[in-house]
Each structure stands twice: as structure tokens, then as C-alpha cells.
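Feature list (source: Swiss-Prot):
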BINDING   27-34, 75-79, 133-136  GTP binding site
MOTIF     43-51  motif 'Effector region'
REGION    187-215  region 'Disordered'
COMPBIAS  200-215  compositional bias 'Polar residues'
LIPID     C214  S-geranylgeranyl cysteine
LIPID     C215  S-geranylgeranyl cysteine
Amino acid sequence: MSALRTVSGSSGNGKSYDSIMKILLIGDSGVGKSCLLVRFVEDKFNPSFITTIGIDFKIKTVDINGKKVKLQLWDTAGQERFRTITTAYYRGAMGIILVYDVTDERTFANIKQWFKTVNEHANDEAQLLLVGNKSDMDTRVVTYEQGEALAKELGLPFIESSAKNDDNVNEIFFTLARLIQEKIDSNKLSGPNSGKDGNISINANKGDSSKSNCC
């Protein structure tokens, strides 16, 4: 795997980055999208994170295969009443992370509906990635094998994570950014299934149990 790391400073052309990637996090309310984002960008964890209203976003510049890439990370609300607002942000997204909670089977079952919504509103070339969050919890009801099977069915890369324990959080965003960059470099920008056929699976280690709603 190519070296992936956070970078800072300015390039010779006066910009602090070479390119921009717009990435969305989607999934039911309470699956931990905001906590994953805050852990990645700020390396912080708040177990009582306030539910996102509409849209929020953060920015982080990283090094992808020697290129400085600015990630625009959009955190979308999972509630039904915000769906009309959030789907407008799908267009132009280069990467979309579909998140479910391994302790809540309903959020796992709803991934197929989120996937359908992505196919209806996002660009065909958008790179998708499936994430099972809260892997540290001992109240898990969705197994790693179930997540992996769903990812295979949908043709998506798959990672399990814990924002609380910081398990595989960086891997989520770096893996997606690398897949996007590889697609850009190889000019794979067309076709109904372009960018949706990954075989990457990363299993987070199980940690201590937690009663947090944002793990």
C-alpha cells in the first residue's frame, strides 16, 4: 500500500494542495458519522455528540501517492426529514461512505436503501465504501461476516471501525481517497458501476465495551 499521511504547508504554485476531493458520509442517524469525522480531522471523541442538522463539513489535507489532496468531508443528517436537502449534495461527490452501526440491525438493513439513493442521485463514477461502525461495543448484533457479505453483494470495499477507540478511522478516509486517486490516474470516469467494485476489507480489533452512542 502506498504511503498515506497528513501534510501541511504550501506547494510551489502557492496552493497548499494539488487537488480537491469531495467526500460524503451517509447513513441512519446515530450510527456515528459525525464522530468518525471529528476523530479523523481533530483526533477527538465525544460520546454525546449532537445529531447533525442538515449538512456539516470539515476539511483535511492529506498526502495520497505523493500528491497533496484537500478532502472536503461532508457530514449528512440521517433523519428522513433532511433527505431532500442532503441528496442535493450527492452530485459532484467523488467518494461516498455508507455507515451503519454494528449494534443496530436496523441501520444495517437500511444500507440497501441508502445504496439505492446513491445510485439515484450521485454521479456514476463516485467511489463508494461501506463502513460498520462501533466495532468496540460488546452489544454487536451485526457480525463482520455479515458486513463483508453485504459489501460483496453491493460491490463495495468494506471496513469496520470504532471512533471511540480510533480503530481504522484513518483507514476509512485514506483507503477511499486512494481508490479515488487511482481512478483519476487511470481515467476510469464512466460506466454505471465505475468505482464500485473494491475488494478491500479491514477488520477493526474489538475493544472494551461502551455505552456510548458515538463509537
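Every residue gets a Cβ built from N, Cα and C, even glycine.
In the three-state DSSP reading, G30 (GTP binding site) counts as coil. Counting neighbouring Cβ atoms within 10 Å of each of the binding-site residues (G27, G30), the lowest count belongs to G30. Neighbours of K33 (GTP binding site), defined as other CB atoms within 10 A of its CB across all chains, total 31.
Within 10 Å of the C-beta of S135 (GTP binding site) we count 28 further C-beta atoms, all protein chains included. Around the Cβ of T76 (GTP binding site), a 10 Å sphere holds 24 further Cβ atoms from the protein chains shown. In the three-state DSSP assignment, the secondary structure recorded for S135 (GTP binding site) is coil. Mapped onto three states, the DSSP output places T76 (GTP binding site) in strand.
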